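> Quick one: the structure is below, questions incoming.
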Number of protein chains: 2
Amino acid sequence: MSLQTTRDTCLARDASDPLRHLRDEFALPDGVIYLDGNSLGARPKASLARAREVIEAEWGDGLIRSWNTAGWVHLSRRLGDLLAPLIGAGSGEVVVTDTTSINLFKVLAAALRQQQSTAPERRVLVSERDNFPTDLYIAEGLTELLKMGGGAAYELRLIDSPKELPQAIRDDVAVLMLTHVNYKTGYMHDMAGVTALAREAGALTVWDLAHSAGAVPVDLHGARADFAVGCTYKYLNGGPGAPAFLWVAPHHQNRFWQPLSGWFGHARQFAMEPAYTPADGIGRFLCGTQPITALSLVECGLAIFRHTDMAALRAKSLALTELFIQLVEARCGQHPLILVTPRDAAHRGSQVSFEHPQGYAVMQALIARGVIGDYREPRIMRFGFTPLYTRFVDVWDAVEALRDLLESGAWDKPEFHQRGAVT
Amino acid sequence: MSLQTTRDTCLARDASDPLRHLRDEFALPDGVIYLDGNSLGARPKASLARAREVIEAEWGDGLIRSWNTAGWVHLSRRLGDLLAPLIGAGSGEVVVTDTTSINLFKVLAAALRQQQSTAPERRVLVSERDNFPTDLYIAEGLTELLKMGGGAAYELRLIDSPKELPQAIRDDVAVLMLTHVNYKTGYMHDMAGVTALAREAGALTVWDLAHSAGAVPVDLHGARADFAVGCTYKYLNGGPGAPAFLWVAPHHQNRFWQPLSGWFGHARQFAMEPAYTPADGIGRFLCGTQPITALSLVECGLAIFRHTDMAALRAKSLALTELFIQLVEARCGQHPLILVTPRDAAHRGSQVSFEHPQGYAVMQALIARGVIGDYREPRIMRFGFTPLYTRFVDVWDAVEALRDLLESGAWDKPEFHQRGAVT
């Protein structure tokens, strides 16, 4: 961007954007600029007809028979195979199931147990203090539970900056658990470099791809990662709370055991045996019966990615975030906004976060004007850019709305300071 | 029933059935007699419009705002409050979330940990060998995980008959985990009596209500039970794989801790604190983000119960199962069918199971004729009766179809012996 950027030059960029037709796949409401696909992705148009088919034909008419005839029994694996290419994984390595929190519990337990059998002195999980809280809570829950056994305790070692990683990953570390792109700052780790660091130190790596899958190129095989989890309701546009995903490196799959060993993970599910025998491969990371209606809609989001590739999406994503940063700094520069997202593209996901002393109220006022981002404690306004449907002119208009609010002080009204259940 | 029962007397019973209008709430396909509501409940007609509202208006137009404006953030608790009266529970005691397997893991871990703090010598979980397999697998997964701590191991003590309960519940028992109505036989435990036995022995009780909720009267408070889990996709007609439920006795809620401690269970979810503080009450049994589309449809199933009560449903359920047993024995008596469901109404759920040496093929042939029950290893044909929509004439017609198949031998064709992924 240069100082010559205008609304018209943004419109021109949209007109020549090779991905512009992908926006037609989404049902976006009029009068809204949606910059929160990093929290809940927009609705693929196809989802309504698919829901009708699942509810009327598969559930209503097919009834119990649809477990076979509509393929419900294999749906978690089939969707996993569709998702795999977006994260550098192969067929038979991914399942779409349960929630990110639950899946994290499975892989953390699997990793710790595996380490215990070969390196029982490794009793530390390393993560970041500003990792997404549920990741830390799940690690805490698992380590608390393991204290019940009465043996040596596990410790959660939290670092305050990625720079501390080399010192933190010592020979007492069992597992390194990181979120690839930070939910708050948008900072993106060098997955290959960090994974190599962990592997050399003898630690297993668990990557949370909640803010990566569908947003930035991910190469789990290339990085030689061990485990990954993530969600489908952000950049993959699977629907509110849509089931999450879980990946295990193929050479690990049959070595690992996980404790949420429900019947969908059994080698012979319908033999109804009283003892558990894990299925071969990724299937052993399944647990209970999945919410088929919600699970089915994940396919509508994944299908859109067939029309493009992650390299093209990344190029547009960086162009959008770059433009947003430059426009905010050029046009709102006199206001107390602090960029917390890396300027270095190599460390930036597909969101941009700015701190503002009254970030909550400013964001509520923006939302009231139809520019939807969100807020995260403390003081952070988040703006997510989804190259599948965000236009360059949306960036321009969003910055103008922000500028107008800050100039006029119109954000400083009681209603914008009031807190909802979800902030 | 007497020998005078005919198709016409069945039609007459339907005409005078006070619950007959409830069938109008369901979309049942033509040409089908559906006797598998114990596996997947039929579709409430209201579910299609509700799905459209959730997908188009709440997700598509409301986008991220719907967490507040459409009440998504409280949906698990709100549905729990609607479900509570059906199981003898109160408001604020139930959540609808995750799967039965996952919820069982939560409450088993909570119960064991509580016992450990006051009675660490109690290291046994008692259950039945023919409990639903996933329940046993989850107990096995938890006890395997706890071995990692390196302390004293937990043991799973499986009994082969309810008669063994008094001997099995000794002073080393931490938890008694039972399914109230057996998935295979339809045997129903005396919940109050068994719970009293456990309580006197110092054990905590976990009841799986998968085949009870909406099918038979349940009084968790009256029985003084400790924990319960169950599913919403059988007799509650919540949709395929719809999220499950979890109940904790109110006097226990704040004493218990569970290890799947995701952010939805945190006391201050959006404060984004790095350490976990459990919410007060039942909220601490929530974990991750729920599949909103599927979760929302649970309400359509629950709403139908407002037009009736469990006593009326139980009376009709027993009349249906009684009629089925008597007609099968009267009209198919010369064939090798063995009733495995108790004749004693006090110990019968809302299903009837018969063993047949070729049960699998006979059931496939029945299904091909539009009489849908299902099959469970070994040799068991299951027939579920849902008093909300099953008619007396359906019972007559189902038995006539069975009789015709057995008389003609038309079930003995290669295609009926072929196994699907789901049996």
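Any Cβ shown, glycine's included, is placed from N, Cα and C.
TrEMBL: automatically predicted annotations, no manual curation.
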> Please identify which of A:T69, A:T179, A:T185, A:T308 is recorded by TrEMBL as part of the pyridoxal 5'-phosphate site containing A:T100, A:S101, A:F132, A:P133, A:T134, A:D135, A:D208, A:H211, A:Y233, A:W263, A:T289.
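Given A:T100, A:S101, A:F132, A:P133, A:T134, A:D135, A:D208, A:H211, A:Y233, A:W263, A:T289 bind pyridoxal 5'-phosphate in TrEMBL, the matching entry from A:T69, A:T179, A:T185, A:T308 is A:T179.
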> Reported as an integer number of Å, what is the Cα distance between A:T134 (pyridoxal 5'-phosphate binding site) and A:K234 (N6-(pyridoxal phosphate)lysine)?
16
> Sequence gap of 6 or more, C-beta under 8 Å: which same-chain residues meet both conditions with respect to A:T179 (pyridoxal 5'-phosphate binding site)?
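The answer is A:E128, A:N131, A:F132, A:D135, A:W207, A:D208, A:L209, A:A210, A:H211.
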> With DSSP assignments reduced to helix, strand and coil, which class does A:T179 (pyridoxal 5'-phosphate binding site) get?
strand
> Could you round the CA separation between A:K234 (N6-(pyridoxal phosphate)lysine) and A:T100 (pyridoxal 5'-phosphate binding site) to a whole angstrom and send it over?
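On Cα coordinates alone, these residues lie 12 Å apart.
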> If you measure every Cα to Cα pair among A:T100, A:S101, A:F132, A:P133, A:T134, A:D135, A:T179, A:D208, A:H211, A:Y233, A:W263, A:T289, the residues listed for pyridoxal 5'-phosphate, what is the largest value in Å?
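For the residues that bind pyridoxal 5'-phosphate, the greatest Cα distance is 30 Å.
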> Could you tell me which of the binding-site residues A:T100, A:T134, A:T179, A:W263 sit with their CB under 8 A from some CB of chain B, listed in sequence order (or 'none')?
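Listed binding-site residues passing the 8 Å Cβ cut to B: A:T100, A:T134, A:W263.
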> My understanding is the cutoff is Cβ-Cβ under 8 Å with a sequence separation of 6 or more in the same chain; which residues meet that for A:W263 (pyridoxal 5'-phosphate binding site)?
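Same-chain residues close to A:W263 (pyridoxal 5'-phosphate binding site) (Cβ under 8 Å, separated by 6 or more) are A:Q269, A:G288.
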> What does DSSP assign A:W263 (pyridoxal 5'-phosphate binding site), in three states?
helix
